[in-house]
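Pulled these from Swiss-Prot:
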TRANSIT   1-55  transit peptide
BINDING   Arg301, Asp329, Asp333, Arg473  substrate binding site
BINDING   Asp329, Asp333  Mg(2+) 1 binding site
MOTIF     329-333  motif 'DDXXD motif'
BINDING   Asp329, Asp333  Mg(2+) 2 binding site
BINDING   Asp476, Ser480, Glu484  Mg(2+) 3 binding site
Amino acid sequence: MYSLPGATMSAAPARVISSSSSSSFVEPLLLAAASSAAANSHHQVRQRGHLVRTLAASSSSNTLLRSDFDLQEGLTTDVKRMLRQRQKKSGGGREMLVTIDNLKRLCIDHFFEEEIEGAMATGACTRLLHSDDLFDATLAFRLLREAGHDVSAKEDVLRRFIDGVSGDFKLSLNNDVRGLLGLHDMSHLDVGGEEAALLHRAKEFSSSHLASAVRYQDNPSLAEYVRQSLDHPYHLSLTQYKARHHLRYLQSLPSSCRDAAVERLAVAEFQLNKSLHQREMREIKRWWMDLGLAEEIPVVRDQVMKWYMWSMAALQGSSFSRYRVYVVDDIFDLVGTLEELSAFTEAVKMWDTAAADSLPSCMRSCYKALHTVTNEIAEIAHKEHGSNPINRLRKAWVVLFDGFMVEARWLATDQVPTAEDYLRNGVVTSGVPLTFLHIFSMLGYDDPSTEEEEEAIIDHMPSIISCPAKILRLWDDMGSAEDEAQEGFDGSYRDFYLMENPSRSPGEAEAHMRGLIAREWVELNRECFCRRTFPSDIAQVCLNTARMVSVMYSYNKEQRLLVLEDYAAMMLVL
């Protein structure tokens, strides 16, 4: 299931599944946030559009204690004072960069953007990049690359730590746990090119020696921190999830190595965000019950918390709270014949509620909700940012349903697509492009000035959108989505790849798919850190979405999502 903020959204699986050619299950329609869709005559609920306007008008902080925000503001002032003193004392050297890294890892760096930018501009970070200390050099590299600076992993850092005779990493690094952690973090910021092979070696070297360090480490807190870093690499993991573990590690250090004000601010931020998420969750559950679709359509899956987790992960921070609420989406199975699905698609193209009158009851309700929610989101974007994205959003819906129809026709005609064709279409039917377009509109991303530019983002999908979509589709298709409980043939990339390569085993197919996922991460890194075509908040949404995928689809042997359970407990449970 897929749920994201700022827009309506479609299911990750979003594929045609059936055991006969005359009918199909399609996981499409995302119904977002407090929709004002007309309820069926037998459902007596309040006008759902009112909830959207109520939430938009009210501040998310109203239900939180003023004293909590006063505490947060006071702690922020304390940390800013400390940063200025540290900058003046060290000129932005190692101590300052370690503090910046801690602020980022604790998800409180947004309070100190000006101070961080000032420290990065001093040149101290560049000087540290050329240090002979592995920890210093890898930390400086990561901070510079994340900020979009042009740095070379090979020339600026790694060549100094490679033995000139053997060509391997120096043996003296084997016991440098902090340096190895930095090397491991750095290795995941691969943007391809000449550095790719060396960063891959750095990843293997650091992983191997860190695994040994865990076994022989006499410091339990450090051992757990290393284990967490290996299981959940910093760049590939949700920063909110990693933040709690990082704080726990910082709190285990000697008092002389700790920043008390930073830790207190992190705790205050965690508590405020948890209260905010709990409030949002209550509103979402209320909206879902009012919508009544779980009763109206028997196959609808009622997993509101899981859907909300997508929204919470992609748009992090209290400033995005309104958009998370607008976007609470659902993915539900829509049962229908090929002809009915075609009629539904045509109704979407017409974008007129009257066009849905001939549809079956459940489809009609879904269509009207979809129509109303999308128009509401367009109105919100228009009011806040001055341009109305409705034409772009309408076309995005048409593209999505055209993709669904491609899959429906494959099934109805017993056509077996190539793995490549399936994946190309699966990027669209993942729902990620549609959702991102809604998010871009909600966040006020520059409205294209011409119709040609407006259509380009849909017809010629940029990698910042296609990469998370492919990552999601491939993860889901590796067979880990056991909770979908779907019957019939479940066409997937792995199925079609094995049909094309009968000599390959399922394990080899999975290894191939993991390789494709790694390749998409490299391309996503290149877009976010090198090209930087999109604003940083848009890039962060796309990175967070890609990071959330493994959380949603990594099942253990008992078919439980342990990381998701842990993350939900951290962010939502009292």
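Keep in mind that glycine also has a Cβ here, set from the backbone N, Cα and C atoms.
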So how many other Cβ atoms are close to Arg473 (substrate binding site), meaning within 10 Å of its Cβ?
31
Just to confirm my parser: what is the rounded mean pLDDT across the motif 'DDXXD motif' (329-333)?
31
According to DSSP, which of helix, strand or coil covers Asp476 (Mg(2+) 3 binding site)?
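It is helical.
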For a quick check of packing: other C-beta atoms within 10 Å of the C-beta of Asp476 (Mg(2+) 3 binding site), how many?
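Counting Cβ neighbours of Asp476 (Mg(2+) 3 binding site) within 10 Å gives 25.
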